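All remarks here apply to the structure that follows.
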Amino acid sequence: MVAFGKKLKERSIEEWQEYYINYKLMKKKVKQYGRQIEVGSLDRRHVLKDFSRMLDYQIEKISLFMLEQQGLLSSRLQKLRECHDALQDEPDISQISNLREAYRSVGQDLLQLLVFIDMNAIGIRKILKKFDKRFGYRFTNYYVKTRADHPYSQLQQVFKHVGLGAVVGAISRNLHELQNNQGSFLSIYDQPVVPLQDPVVDSIKNAVDRLTRSTNFLNFMAQHALIMQDEDLLLPHDEQADQEEGRYHFMSLLLNLANTFLYMVNTYIIVPTADDYSMSLGAAATVCGVVIGAMAVAQLFSSVYFSAWSNKSYFKPLIFSSIVLFVGNLVYALAYDFNSLPLLLIGRLFCGFGSARAVNRRYISDCVPLKIRMQASAGFVSASALGMACGPALAGLLQTNFKIYNLTFNQDTLPGWVMAIAWLMYLVWLAISFVEPAREPEEVHISQESNSDKDGNMEKGLTKQLLLAQEETEHQDDEDDCDGSEESAEDSRKPANSIVAAYKLLTPSVKVQLLIYFMLKYAMEILLSESSVVTTYYFGWSMSSVSIFLFCLGLTVLPVNLVVGSYISNMFEDRQILLASEIMVCVGILLSFHVVIPYTVPQYVISGFIMFVSAEVLEGVNLSLLSRVMSSRLSRGTYNGGLLSTEAGTIARVIADATITVAGFLGQSMLLNVTLLPSLIICVGSIVATCFTFNSLY
């Protein structure tokens, strides 16, 4: 691997050399500024002004050249259009073939321009990161916000390049009309479902997709899954993509998503009945916290060994997961007839030991082609959300009571029986249909882990175009070259080899984001797990009423993410959305307290929805940001970013469920306020940490 400056020089088009960002000069300038500030010959205000002016000039040079090239391409397309029009009256096969080749030639030149834009976009982002790292504050936020917001923004030309869309459209439409044409000119607008088989257009489409990723619902949902991706520089032909195509199997992906869905159903199907089941075994209703939380306790350990197992296989851990979950649900259901609370807890522990979410994430990250990985990641989140909603709803339908021999089937045991049958059917489907993908050699695997380190600083919403620009693989080597780091290039690409090592890779802002994730999971678990006990005590709700309430909460997940991903995140900075949603979670918690006035259903329902919906907004934005700012060394290996976030959320759930059981010793009248108090304290702490972390830098 070579530094970005050398890579830029190697991949530059010779006749365009003077129009590329002068990365070498700007890197020297950053070092020079550092020395001048150290000796006191220059103040920081002057540095900011001088560096801004220099970068403005570089961006202006790039954007004006882009416009010039777009004009040349447009002129060529206009001339080809005239030839195309002439052929409509007198079609000629040979002329059509020549015209098609001419359009392909324009397409190849457009592809060169896209690579030019990509290289410069990477250079701009890198030099901004270097500047921030050298001087210890976030100049990037200021620079991007002031330049991107301006009506005459030249920075937008580099990162949005709207004008190129018309060029791409013209090439695509005309090539489609000329494709295998025997005199009939059909438009892509008339037959949009007809696939275009031209490789040039496919390459252009892939290039534009990778360059113009903006925050939309699908991308937002995909990042919500925290499936971190290693992406190489934009190239016309991606060999890694070909390898992924060979490893991809649609039914195996579907089985992974089905596993995700069933596991979430399994997690929440017992929530409406856990208190009643505990009481039927002679325990207090609040023991439901331990029953529900037992699954999360086991998941703390299962996440690690499943993540390690997925380094070698996907099929075997999924088989093991299905068997363990089948046994766990069977034991959970049998605990009623054995009248054994320990057996009930063992059943839930077994279910937790079968959590294969780490495998599900890893399969999408490693085996799904890049072009559909975003859709697969969004599917992972959607399957989780759907399972969360369907679990309580299914429990509400299992309202029956009968016996077969000595086995009891009622609202308490049926969730276990139903899930045991579901996992058994899934196990058969898995054994028949899953295809184990070919494993890459370890050396190749490690070499692919050289994706660029994220700088770890929380970026503002308007920085998204910068962060979503194509990542470049030589970032760490470049940082070493600039800053004299003693860490070898090989070490900089290795994944973390322990939880402690992974934690050390986290920057302060990322740690705050994990605290936020812990807080929202804690608050949501308190709300969901104690809902049955609280509503029965205050309102006398039946199990069906609790199920409907939880089902309605679960149904809000996808619509909320749709609104945030498609609209809100495009209107406000991520920092603003984070802070606002944290405050709204806090408001929901405060409204949930039972004070002097009688506790009413509207108060509980409204405060619960405010808390849950705000937490969903917070989770989406928080994980979307985490997926972009975590170190790339956490994108692979056993101790990856997905595992860290899973562990943080699982620990929160364990503590929340334990809090419910401990608070139960004070009586059900005290349960609500006692469990809400830690939620409030943690929420206020996360708000303070957010404000301090995001405002302490420039």
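Cβ coordinates come from backbone N, Cα and C, glycine included.
Annotations in TrEMBL come from automatic prediction, not curation.
Remember, predicted model here, so these are calculated numbers, not experimental data.
What TrEMBL says about this one:
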- 474-489: compositional bias 'Acidic residues' (COMPBIAS)
- 2-145: domain 'SPX' (DOMAIN)
- 473-493: region 'Disordered' (REGION)
- 253-271: transmembrane segment (TRANSMEM)
- 283-306: transmembrane segment (TRANSMEM)
- 318-335: transmembrane segment (TRANSMEM)
- 341-359: transmembrane segment (TRANSMEM)
- 380-402: transmembrane segment (TRANSMEM)
- 414-435: transmembrane segment (TRANSMEM)
- 514-540: transmembrane segment (TRANSMEM)
- 546-565: transmembrane segment (TRANSMEM)
- 577-597: transmembrane segment (TRANSMEM)
- 603-626: transmembrane segment (TRANSMEM)
- 676-697: transmembrane segment (TRANSMEM)
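In summary, the transmembrane segment (380-402) does not lie against the transmembrane segment (514-540): fewer than three C-beta pairs, each 6 or more positions apart in sequence, are under 8 Å. Taking DSSP states H, G and I as helix and E and B as strand, the domain 'SPX' (2-145) has 127 helix, 0 strand, 17 coil. Here the transmembrane segment (318-335) does not touch the transmembrane segment (577-597). Their Cβ atoms form fewer than 3 pairs under 8 Å, with each pair 6 or more residues apart. Sequence-distant residue pairs (6 or more apart) of the transmembrane segment (603-626) and the transmembrane segment (414-435) include fewer than 3 whose Cβ atoms are under 8 Å, leaving the two stretches without contact. When each of 283-306, 341-359, 414-435 is scored by its Cβ pairs under 8 Å to the transmembrane segment (514-540), the top-ranked stretch turns out to be 283-306.
When Cβ-Cβ distances below 8 Å are used as the criterion, the transmembrane segment (341-359) is approached by residues 256, 259-260, 263, 266-267, 270, 277-278, 281-283, 287, 290-292, 294-299, 301-303, 306-307, 309-310, 314, 317-318, 320-325, 327-335, 416, 642-643, 646 of the same chain, each at least six residues removed from its ends. Between the transmembrane segment (414-435) and the stretches 253-271, 283-306, 577-597, it is 253-271 that has the most C-beta pairs under 8 angstroms. With a threshold of 8 Å between CB atoms, the same-chain residues lying at least 6 positions outside the transmembrane segment (283-306) that come near it are 266-267, 270-271, 274-277, 317, 321, 341, 344-345, 348-359, 499, 529-530, 532-533, 536, 638, 643, 646-647, 650-651, 653-654, 656-661, 663-665, 668, 671.
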